[in-house]
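First comes the structure, then the notes that go with it.
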Amino acid sequence: MSSGNSSTGTHTNGNFATLGSSPPSAVGGKGRAIPPKVTHEDASVELKTMNPERGAARGSIPLGEDIMQIARIGEVPAMQRLFDEKKFSANHKDEEGITPLHWAAINNQYAMCKFLLDSGADVNAKGGESVATPAMWAAQRCHYYIVHLLLQRGADPLLTDVQGYNILHLATIDGNAFLLVLLLHQEIPVDVVDQQGHTGLMWAAYKGYPALVDLFLRWGAHANAVDEGGLTPLHWALVKGSLPCVLKLIEYGADKFAKTRDGKTPAVVAGEMNTTRVWYRALDEYGYDLDGNAKVSSSGLASWVRNKSLMSKFFFLWPFAIVFAAVWILSNMVVYAAIPMMLVTVFGLQWVAQKAASQGPSEYRILQKTPYLSGVFAGSLFWVGFRYVFYVLPVTYSTSPILNGLFAIFFSLTTYFYIYSMVEDPGFVPKLGSRNQQRAVITELFEQWKFDEENFCVSCMVRRPLRSKHCKRCARCVAKHDHHCPWIDNCVGANNLRHFVLYITCLEVGIVLFVQLTFNYINSLPAPAQPQCNIINETLCDFVLRDTFTLVLDLWVCIQLVWITMLVAVQMIQISRNQTTYENMRGHSVDRSYPSSRAFASAVAAGTTSLNAAGLTSSGQGPNPALAQGAPRHRKHGCLQQWSSLLGIDTFFATARDGLRDGPRAVRPKNPFSRGVVTNCRDFWCDPAPYFGKREPGAAMLGGEVINYNRMYETPSRMHSGGGYQSLSVEDPEQGV
């Protein structure tokens, strides 16, 4: 399945004869019409590049008389003059059968293509050594607006070139998900094969395009289709060695024991292609041993560990035990032994959780992707409430009634808003009900020149409202996406942002009240008969030994006050600007870099200073779905580094270091959603949605008017200074969760 076409960047890998499948000839819908070198994405294709001899011959033709050059550069008036003078027709062909429409298509000259079609150009004319159509030429350059125009004008997507490739195969080889979405909605059979029996899914797997593999499988492609050599998509994925592709195929039921005509299983192919590590890792991810058989646990817990619902409850409740064990050890053992014993116990219990994660569902293989962190907070909240009800309240209810009343109120509010933020739909953009609806949306976006990653989500197949973002963790687009918060194991978006802010605000106040109550409680307890301490003085020893468990728990709560205070401050500032965390990251990335602000906001919002870990890439858009990337590189982080990020320790150093490098403060770009501090705050706190109860999905206020973020596709016309978000259409400098 090799390709000699450098312009499509096809990967040549291994001896294909050993796989029982000969590689197809050079992929290219244009034959010699393909430049021998990869041109820049915005570079036009020169005539001399296609055929140097003919290019030299054309050098003597005046530009005004050269129909092919005029088509290439898109000079519609010059083309009109040639037609008016009857020197050429729209269906003029050179000696290889190439038409002006071919040249206009490959150079992305939309106006010229439209003019030629209006002038009667044959949309299905074949030319070049590979006998390809203009649509095929455009597809290999990823000009999907040109492809859409040609399809509208009658281009046949099932036509093939001399090598048997249709436009779907060529688009897959190029690797653009948006072009593939367009073509699949043309009702092209998803499993249409080339001359050697390769389906589009096989090409996507071989090229290492996980986004396209996922798209084909969701569209119904056969995961166990075979080519002439008996190779399945799984075999081809292992030829490339793309772990995401292999994982996705196994997820959709690819046969792990399928044999080629030469009797080679995927395991054998992996060995021949030196991708055995990828194969073994993929098997382990889905609970299979090295032979591809389901793992059998000696303890008989395999079925329990694989149950996502059960494991979700385990990861949420397990930190309850960890918090209790840590506090109990620190409060009941001598300090010299307590600290190391506590560390050993905590790391041991966390190792149990990590071991369960490694054996559990594939999406839980990373502990931070489980409800574990939300369980840490819930466990802390539970033990604070337990200690308060059974120990603090009985002693202080008569001496501090107001303080107890306030704490009870804020503790209840914190619990309510925490649970609501965790279980509430954060603002998932509704999915479309049918492919016909998807096709209608795509057509509308093409008409508006908005069919791109900014306005359409390939994963959800929906039009993206303004301020929305696709969350990889939730696998959905979220309206007015703020961030994905591991402490509530949910996204924060249009529906639960206010509840989330109320949760952290009530938590902030509740912690302060609990600390005061704790000191009142300790002072009310009788002094121990014979206090004995080795480090602290007698007075402090007398105070600590009255109820060490409650004091240690109080210290743990105070630690949480650090990141809670930072988060509340960030959210309040962003509310005053009518700005989300996502927009804050994004606005600062467009030639206006504030490293300290990005590190700070990312850490307090999502538990890490890494924009990638926060789901906020340097442009804020996430991975570019238009570019079907290969396997991502994963950086390994130790336990201490992970926890330092989660507790905000590395944020302090990042803020201090980057703050020294920040240049003079530039003028902040205008925020199209800001209506001034007072109006922004009023819109957020006083919208019609109930504080206690479910709001209408996506409903909010902007400038005093009720809007719905699920259906807001146009930028508000009114512009005010403030905020840090300017453009809703910026290019992602990354590749492209």
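A Cβ is built for glycine as well, from the same backbone N, Cα and C atoms used for every other residue.
Going by Swiss-Prot topology annotations, Glu363 is found on the same membrane side as Asn710. Most Cβ pairs under 8 A with the transmembrane segment (499-519) among the ranges 314-334, 335-355, 375-395, 402-422, 549-569 are made by 402-422.
For Cys485 (active site, S-palmitoyl cysteine intermediate), the number of other Cβ atoms no farther than 10 Å from its own Cβ, over all displayed protein chains, is 25. In this chain, the transmembrane segment (402-422) lies close to the transmembrane segment (375-395): three or more C-beta pairs between them fall below 8 angstroms, excluding pairs fewer than 6 positions apart.
Residue counts for the topological domain 'Lumenal' (396-401) under DSSP, helix first, then strand, then coil, are 2 helix, 0 strand, 4 coil.
Along the repeat 'ANK 4' (196-225), the predicted structure has mean pLDDT 95.
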